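Chemist: Got a structure for you, questions after.
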Amino acid sequence: MVEKQKINEVIVVEGRDDTANLKRYFDCETYETGGSSIDDRDLERLKRLEDKRGIIVFTDPDFQGERIRKIIMQAVPNAKHAFLNRDEARPKGKGSLGVEHANFEALNQALAEVFGGEKVTDEFGSAKTQEPSSDRSSVSKKELLTELTQTDLMSFGLVMAADSRKRREFLCEQLRIGYANGKQIKKRLNMFKITKEQIENVMKNY
């Protein structure tokens, strides 16, 4: 029997189909919000889980999923976050976007990004060493400590440009941090400690 890679943190998902898909590949426990609903009792439980085990928010890459993520982000600021691109969460037939539709490679990459590594496990369950990705490890300590400014965003055309939305969509998808609008983008990039060097490298391909 193949041994699945264990995820110590509790993964927060929207429904049981998301749970089932994750458990196909990983030894993990999930907390289901029950679709788009999340209340104060859920948030209190998630706070306790974060204190005891840590949580990874892994909601769907759609409006409701981002709404739930933002609510949890405000209530549990230390929570980790995993993201799927919209294409990775698209069903083969009709239906809405969801973690339940993602294949192993997409799930594995999303979880690896949480820990700053290349991959959590291979498809057969063998654990891999979680090494920092090359673009992050090459960044100096000084750069990591420097937060992005509104001027930086403007210089990359992420705000105040005719195609700013498309630029943000491209950048956020490549960095796997979930879409952020013009008001959110600076906070989102700084939260994930994204540097100007990383943005430059990504936007070269825009």
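Cβ atoms are placed via backbone N, Cα and C, with glycine included.
Relevant sequence annotations retrieved from Swiss-Prot are reproduced here:
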DOMAIN    8-91  domain 'Toprim'
BINDING   Glu14, Asp60  Mg(2+) 1 binding site
BINDING   Asp60, Asp62  Mg(2+) 2 binding site
Chemist: Does Asp60 (Mg(2+) 1 binding site) have same-chain partners at least 6 apart in sequence with Cβ under 8 Å from its own Cβ, and which are they?
Modeler: Glu14, Asp18, Leu84, Ala89, Ser96, Leu97, Gly98, Val99
Chemist: Could you say which of the binding-site residues Glu14, Asp62 has its Cβ with the most other Cβ atoms inside 10 Å?
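Modeler: Going through Glu14, Asp62 one by one, the largest Cβ count within 10 Å is at Glu14.
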Chemist: With DSSP, how much of the domain 'Toprim' (8-91) is helix, how much strand and how much coil, in residues?
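Modeler: Helix (H, G, I), strand (E, B), coil: 39 helix, 18 strand, 27 coil.
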Chemist: State the mean pLDDT for the domain 'Toprim' (8-91).
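Modeler: Per the prediction, mean pLDDT sits at 92 for the domain 'Toprim' (8-91).
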